[in-house]
Amino acid sequence: DALLTSTINCVTSFISGFAIFSILGYMAHKHNVRIEDVATEGAGLVFIIYPEAISTLSGSTFWAVVFFIMLLTLGIDSAMGGMEAVITGLADDIKILKRHRKLFTFLVSFGTFLLALLCITNGGIYVFTLLDSFAAGTSILFAVLMEAIGVSWFYGVDRFSEDIEQMMGFKPGLYWRLCWKFVSPAFLLFVVIVSIITFKPLTYDEYTYPLWANRIGWGIAMSSMILVPAYIIYKFLTLRGSFKERLAYCITPENEHHLVAQDNVRQFK
């Protein structure tokens, strides 16, 4: 599934490149400028270049309606996937939210709708660029890094492979286990460090965001990143026992906590 999904994603991106660069070339020819003066990415490409190109086509109204309906459906699909993870996680952990899941889902949806209204104000493109740069950048890579470390090192590659064998009927080979345990965490750590080191003040076209805006952006990014080490520290300090015992409890599943008292923690072997 991982190979199939990655292949489909790459092929789709490759094919979409034909449409994107043909549009950019057409706009450069139309305005008699070089293509690098037209080329843009992100919101500028979707909400400026493409609509302008569509407006020059015959039957432009129809194509514009189809294009923006496509954007709407893509946005709804992405929002549902992202929100479902948060709603399900909180509902599973907090019983009162699970009992009133429909109301909780409505409140989360309505709250995010109100926050999203900031993105359609006169300066909404600047808010959108800020959120797009900080909320979905380094913080996501950091979350994936923590997940890779948690599954590969704390839960254990061997146990994870056994789970896959029970579900799929085959055990992952040495290549996959090495990638999960060493290659993926190393590459993710490298990318996270490089993204932080090479950070430059945010800009949009010729506008440079002020220092306070960059601080807000990093605050948004850190709001999700800080939860992992914060909970680790909280869990460690609230447990009883020696340093080694508390560490063992933190990295051992609850159904194996009896192994800590027996000094038979799998991760310490």
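Counting begins at 1 with the first residue displayed.
Quick reminder: no glycine exception, Cβ is built from N, Cα and C everywhere.
Annotation source TrEMBL lists Na(+) binding site at N9, L74, D77, S78. Annotation comment: TrEMBL describes 6-26, 63-91, 103-128, 134-157, 178-197, 217-237 as transmembrane segment.
On the structure: features taken from TrEMBL.
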{"residue": "N9", "record": "Na(+) binding site", "Cβ within 10 Å": "10"}
{"residue": "L74", "record": "Na(+) binding site", "Cβ within 10 Å": "10"}
{"residue": "D77", "record": "Na(+) binding site", "Cβ within 10 Å": "10"}
{"residue": "S78", "record": "Na(+) binding site", "Cβ within 10 Å": "10"}
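Excluding the listed site residues N9, L74, D77, S78, the same chain places G81 with Cβ atoms within 8 Å of the centre of the Na(+) site Cβ atoms.
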